[in-house]
Amino acid sequence: MTAQHPAAPTAHAHSDKDRVVIFDTTLRDGEQSPGATMTHEEKLEVAELLDQMGVDVIEAGFPIASEGDFFAVNEIAKRTKNAVVCGLSRAAFKDIDRCAEAIKPAARKRIHTFLSTSPVHMKHKLQKEPHEVYEMVIAQVTRARNYTDDVEWSSEDGTRTEIDFLCRCVEAAIKAGATTINIPDTVGYTTPEEYYNLFKTVRERVPNSDRAVFSVHCHDDLGLAVANSLAGVRGGARQIECTINGIGERAGNTALEEVVMAMKVRNEVLPWWTNIDATMLTRASKLVSAVTSFPVQYNKAIVGRNAFAHESGIHQDGMLKNAQTYEIMTPESVGVKQTSLVMGKHSGRHAFIRKLEDLGYKLAGNQLEDAFVRFKALADRKKHVYDEDIEALVDEEIATAQDRIRLVSLSVIAGTHGPQRATMKLNIEGRTAIEECEGNGPVDAVFNCIKALVPNEANLELYQVHAVTEGTDAQAEVSVRLSENDKTVTAKGADPDTLVASAKAYLGALNKLMIKRQRTKPEAMTATP
Ligand SMILES: CC(=O)SCCNC(=O)CCNC(=O)[C@H](O)C(C)(C)COP(=O)(O)OP(=O)(O)OC[C@H]1O[C@@H](n2cnc3c(N)ncnc32)[C@H](O)[C@@H]1OP(=O)(O)O
Ligand SMILES: CC(C)C(=O)C(=O)O
Ligand SMILES: [Mg+2]
């Protein structure tokens, strides 16, 4: 799995015009996800990691929202080494002043002020006329510019805003001193083509548009946030607002890891670049998931636990031959140690052999074939087949290869109304025999069957059960110790069914006894004493 992917991130001759600013809003829009609230310390930890991984702007919070938010933004402003620290504020002087105070200690600081421009928001939410909104844009951006020369203005619900009004507001904001213009798709309503056209149009129509960086901010209500963001960049935007794991209001925001890797892996068609150290993406994902208690879906692009895992035999075989067959980026490129070949019911022989080698086994011929058949049978019954399951299975295969008594089938009737009853079929040196016995409990009934089928004087000294792995579908591993005269043998049996495992262990011990008997008394060749 060391093959070099042609699509793997490579060094580019970067040009400044293709540089995309990564504006992370995990701590602001991300934290707006219901239930995603982070503690003060957790926010500091996330901000430190974002700074280390090369995020350009950290939107650290909404300082007017609460004392807690203010202090978090303020502390992040003090600690951040490289990134611009940004705070959000409504179009209200008190918000802007509070935001300015919070970000004051930052080496590089931004005030982000927003105001809705769509008819529905202006009429129902703000209850203001367009001309009032227009005046507010100018007043608020001007106010913010008193504190810093890095001011971002967002036209909330920009994608449902009437285009002439949007262009007028954007022009006014830039004239008042905004250096970044964000046109959010606040409700996740737009489509890639539409969003591309929006940026193209606004940039063409607004006379002073070249004096600001345009920014995309997308929500994932229709699952289009990443596609829309990239379309906006194609339309001329050079800042992407995003969050780790795509957390955020409702269906979330554009996932940082997805846009970053899309541009890296498909750079020939998405020819832009960022400053993000992609090898830190997995770490960031895990941290944000841990502090928000939001699990990352298994099949999530880039950072989901299945993003570099393969279970089906055809894919595993391809991966073993050349990783490029089924992976478009290396796991290492996003901070995952290695591809994992998950053993399950869809796995094939190539992967099984590789797994056995990794676990230190070398089986061939019938032994390998038998082990594979038993592995498939186990995988059919068990959700997760762990390494320990395979070890137990192979150990048993090796231990029982020479067995003269083999379990063919077992069924047991157990429950609250005893006596319990077992029916067992054995293959004893090539001959099939069947017996039905009762017992004081299901294990007793099983062992009585064995005694009836293979009469013996052996004394059961130990019977022990433990689970090989976790979960209710874990394999049971049963150990049985039998003694006969001066001979003592121990054997193990593993199976998801404890009673089958018990029978296998008992029979395994009997088989070993027979070998011992044979060694000391070569004429004792038969299964019965
Ligand atoms: C699209 C986005 O993500 S926007 C960001 C959303 N994030 C948040 O709301 C989280 C933090 N918010 C809060 O803590 C609170 O809502 C606060 C502190 C901002 C305001 O709290 P309150 O004063 O109690 O107001 P409340 O939240 O109930 O209502 C919002 C008010 O802000 C107004 N408002 C909304 N957006 C803006 C804006 N961009 N500029 C100015 N006023 C605005 C609303 O019209 C409403 O005003 P009204 O009270 O005159 O009707
Ligand atoms: C505050 C703005 C930028 C926002 O989060 C949105 O419109 O979605
Ligand atoms: Mg948002």
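From the backbone N, Cα and C atoms, a Cβ is placed for every residue, glycine too.
Annotations in TrEMBL come from automatic prediction, not curation.
Keep in mind it's a predicted model, so treat the numbers as computed, not measured.
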- Of the candidates ASP29, ASP51, ASP56, the one that TrEMBL places in the Mn(2+) site of HIS217, HIS219, ASN253: ASP29
- Task: Run through the Cβ atoms and count how many others sit within 10 Å of the one on HIS217 (Mn(2+) binding site).
- Result: 29
- Message: When secondary structure is assigned with DSSP, how many helix, strand and coil residues does the region 'Regulatory domain' (406-529) contain?
- Response: 35 helix, 53 strand, 36 coil
- Note on the structure: Not counting ASP29, HIS217, HIS219, ASN253, residues with a CB within 8 A of the CB centroid of the Mn(2+) site are THR25, PRO184, THR186, CYS218, ALA225, GLU241, CYS242, THR243, GLY248, GLU249, GLY252, THR254
- Query: So how many other Cβ atoms are close to ASP29 (Mn(2+) binding site), meaning within 10 Å of its Cβ?
  - Reply: 24
- Cβ distance under 8 Å to ASN253 (Mn(2+) binding site), same chain, sequence separation 6 or more: which residues? THR25, ASP29, GLY30, HIS217, CYS218, HIS219, ASP220, ALA225, GLU241, CYS242, THR243, GLY246, ILE247
